[in-house]
Structure formats: C-alpha cells, structure tokens
Amino acid sequence: MNTFIKENKILLLYLLPTVFLCLYFLISSYAAPLHDFSNSYFSARLLHDDIAPETVIFDIHAFNTYIWELGYTDVLVDFYVNSPFTLAAFYPLAYIENPYIAKLIFNSISILLFLISLLVLARKILKETPWVLLLIPVLFYVPIKNQILFGQSYFIVLFLVLVGYYLFEKKRIYVTGVLLGFAALLKFFPVFYGIPLAFQKQWKTILWCIGATLLLVLVGASITGYPLWEAYFTDVLPHTFLSKTTTDYRPNYQSLEVFSKLLFVEDPYYNPNVWIANERIHIILMWVLKAIIIGSAIGISFRKKNNTGVLLMIWVTTLFLTQSRTATYAQILWVIPLFITFSLAIKMRYKLILLGLLLLICNFPFQRLGGMPLIIQFSRLWLVVLLSIGIYRGVGGKLHLKYIGLVFIVMLPLSYSALKGTEKDSSKYVLSEKQHFMIYDFFDDQGKLAYKALGRNGDEIIKTQIPVTSFDTESITIKEHHLYDGNQLITKNISLKKKPVLINNSRVYFLTDHHSRRGAFTLKYIDIN
C-alpha cells in the first residue's frame, strides 16, 4: 500500500478535489429524494416480494402503485425500456429494506469505482499532464452532482469500460469480456464502446465478450426469472422501436432525433407547433445525419485503428451525437475524450477550446432556456456538435463519402420501413393539450366520462362534461396492438393500446402511448359510425 501511494503520490493529490466533491454529494444524497435509484431498487425488490416483475415494471401505474403501497408516496418512476439485467445487478441491494440506505451504499460503491477509473486512466495516458485531474470537479460538477443525487449508474459504466480496455491492453481478455458485457447489459449503449475491437480485428476478444455477455444473461435470468427476459426481447423492446416510442418531445433530451421531431412530427397533443408538418422529412433527415456521423467515425477508425484510445474517444463522441436522449449525469462520459485529447500532440489552444466547451456542456443550466425559440433551447446539442467536430478534426477526420454512402445503404431497409409507417392516424385526443404525465384509466361517472391521471398533482380523478349513455367494454378487441370492431380494423398505428370501450354506440375511447414514451398513455377516441 505504501509503495502504491508513493508511486502515485502526484495523481492522488490531484484527485483529492474530486474525492472531496464526491463525499460532499454522497452525504447530501441521503437526505435527497430517491430519484432514478427508485427504478433500479424497487424493480429488484419485486423479486424479494415474490412478484413476477414482468407483470409490473412495464406498466407505469402498476409499478408506481406497488411503490406507493410500500409507503414511498413521493416517488414517481417509469422503468421505460431499461435492461432486465438491472434487476439482477441491484438484487443484493434489495435485501436492504430502507431504500435510502441502499442508495447510500450504492453511491459509495459507485464513487469508489469512479475514482479508480480516473486513476487507472490517468496513470495510463496523463503521465505528462496529470494536472488535468484537478479540472474534473470543475468541468464535471453538475454530472457528478446529479449522478450521485439521482443514484445513477454512469460511474459504474465508466469504470467497466475503462478498466475493461486497460485489462484488454494487458492481454487479460477474459476479464475484459466480463466487464464490457456487464456494462452493455447494464445500459446497452456501451455496445458502441466495443466497436474499437472490431477495427483492431480482435475477433477472439469480441467472441469472448459475446460469450461473457450470454453467460451474464443466463445468470441474470436465473435471478429474475426467464419470463421477464422473454417479455422484454420478444415484445417490449421490438415493439418500442417499431412504434417509435423510445422518445417523446422533451427538449431536455438534447438530441438531433428530438430536435428533428419537434420541427417536423406534428401531434396536436404533444407537439402542435411544428415548423413543417411532414414526418417523412424527419425520417430522411435523421437517415442522412446518422449516415454522415457514423460514416465519418468509421473512416477515422480505419485511419486510427492502431490507437485504442483514439478509437474509444471517437465512438464515445459518435454515441453522444446519435443517441436519442442524453442526460446531465451521462455527460460524465466526456471524461474519456478529455483525457485522451490531452494525451495527444494537439496544439494547446485547441485543448483550451475543448475545456471551454465541456465546461458549458456539462454545467450551464440549459433548462432555464425553456420557452425560448427551439433552436436556443437546444443550445447544449449545438455545443456538443461543435465539440464533436473539433474532436473529429483533431484526430485528422474528414468526410469519408465511401463510408457515409455505405452506412446510408445499410440503413435503407430500416428507413424505408419507417417511411412506409407514416400513414396519418384518424383518432383524436380527448384533451386539447397535455395536462398530465399520463392517463391510466377512464370510466362512466354518473353519465359523464371521467379519467384517472398521474401528474404534478399526484394521482387524481377528473370528471369531464362528455355525456355517456352507454359504456360497452366487450365489442372492441385488441389484436397485435390494433383495435378491431369484430373483424374490421379501426386503427392504423401499432402503438400500445389499452381498454377500448365503445361509448354511446358511436365512438371508441381507448388508452394509447402513440407519440409518447412507451406506456405513458393518454386518452383518444375514434368515430366508427
């Protein structure tokens, strides 16, 4: 131990400000709301209560009801399409009955792994510029704060990826496979971080990563039960992508995908004020942009295939540009491009520009731009684009038309399928504008239509002035996410639908997550007579 401290004395000193910041937020996290930690902890706790998780976690209201009945009425969660492996990973913490103590333990482990990953990376590539460690608590103040207060898993992902690659270079590919496989199952997006191995033709390592991932799936399924994984991979995940409910219209997602949706994909309830109401423009634009981004990354990767650090930096950057949603705590992953950039022979003025952009991207309160013109609300996105262009160019990147064209062609089947699925929906919303997080039920209340909703006011029942003379729950059926009146198809989109009811023998009312996040229902109707 003394030898380790002596050998790393400078790095450990430079790491102290980050240690103190993490400890401060660790103490603060105990009194903070459970936030995102609720998703992971309570989904795993279902297993301890002998409840089949697949019957609860994919139903937003059912999942929240379970949590409220445990006494945590201030929690509002949405499991979304998170990995089933989350339940297995958090299963040991679910033995701790108090979720606040469980969160404290989880954060303590996460912080320790985060500090180890910083030390490992700094020892590897910051031998000439160890002072960069001093910048971590300044550049990543908000990501560190939100990661700890929210109880997120990005510190762990960063550790798994960085230590995985460190051990890969030490020829310990079996441990590398387990670490990268664990990261991919925990958050999915780290699959992107395995791409550098393909450019280096590390087929044995890739095969072991796949094998280790499958082994971890078996371990996870033995803990959670196989029906959860079956439901996830045969229904939840494919249907979410086919029905385009991976994202909705929230500017805080700060992605090219959502910016384009807000411009071109009209929805009278979620997004009434579009620039041009044409979903095909959105699909084609994203097709072209992703081809340019991924094609350019491929071109750079072939040129820099012998530099593992540069490859990893390029694909971290590429993922930030192409993913459909980014969160403040996810910005901690910019640590990888930061360290690698300072290890390269690049002019200092470019490195200083990188620092300035990172400071703004990670810490500026972009949420305060709400209500301003859309292009201004997405300021973080434009800074990320600017930073990414700088990173690409800094390693000698340019437009590689050959690879851009190849990616464009590869994406053709998926994009063509999306273009075919843009047929106009004839159903209409009951409410004129979004007023709740979701509507989860409706009923006849003494001759008037009433509905149950979750939102800022918690769980509430609201009575409308819509008259109800008949309430037929039998005539309309759901088959493969479509509504049928007998054998007659009456809906054209494959969004998730619940509780179709024929009211007054003329209108079918139903719950749907069309143009929303999966399972975040609202109430619509369609005339059939």
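A Cβ is built for glycine as well, from the same backbone N, Cα and C atoms used for every other residue.
Automated prediction, rather than curation, is the source of TrEMBL annotations.
Annotation source TrEMBL lists transmembrane segment at 12-32 (among others).
TrEMBL lists 100-121 (among others) with the feature transmembrane segment.
For 148-167 (among others), the entry in TrEMBL reads transmembrane segment.
If you look up TrEMBL, you'll see 173-193 (among others) marked as transmembrane segment.
Residues 47, 52-54, 84-85, 87-89, 91, 168, 173-174, 176-178, 180-182, 184-185, 194, 197-198 of the same chain lie 6 or more positions beyond the ends of the transmembrane segment (205-229) yet place their CB under 8 Å from a CB of it. Annotation source TrEMBL lists transmembrane segment at 205-229 (among others).
For 281-300 (among others), the entry in TrEMBL reads transmembrane segment. Beyond the transmembrane segment (281-300), the same-chain residues lying 6 or more positions past its ends with a Cβ under 8 Å from any Cβ of the stretch are 256-257, 260-261, 263-265, 310, 314-315, 317-318, 321-322, 392, 395-408, 411, 415, 418-419, 422.
Taken from TrEMBL, the feature transmembrane segment applies to 348-366 (among others). Through the fold, the transmembrane segment (348-366) approaches residues 135, 138-143, 252, 254, 328, 331, 334, 337-338, 341-342, 377, 379-380, 383-384, 386-387, 390-391, 394 of its own chain, all at least 6 residues removed from its boundaries and within a Cβ separation under 8 Å.
Feature annotation from TrEMBL assigns transmembrane segment to 378-395 (among others).
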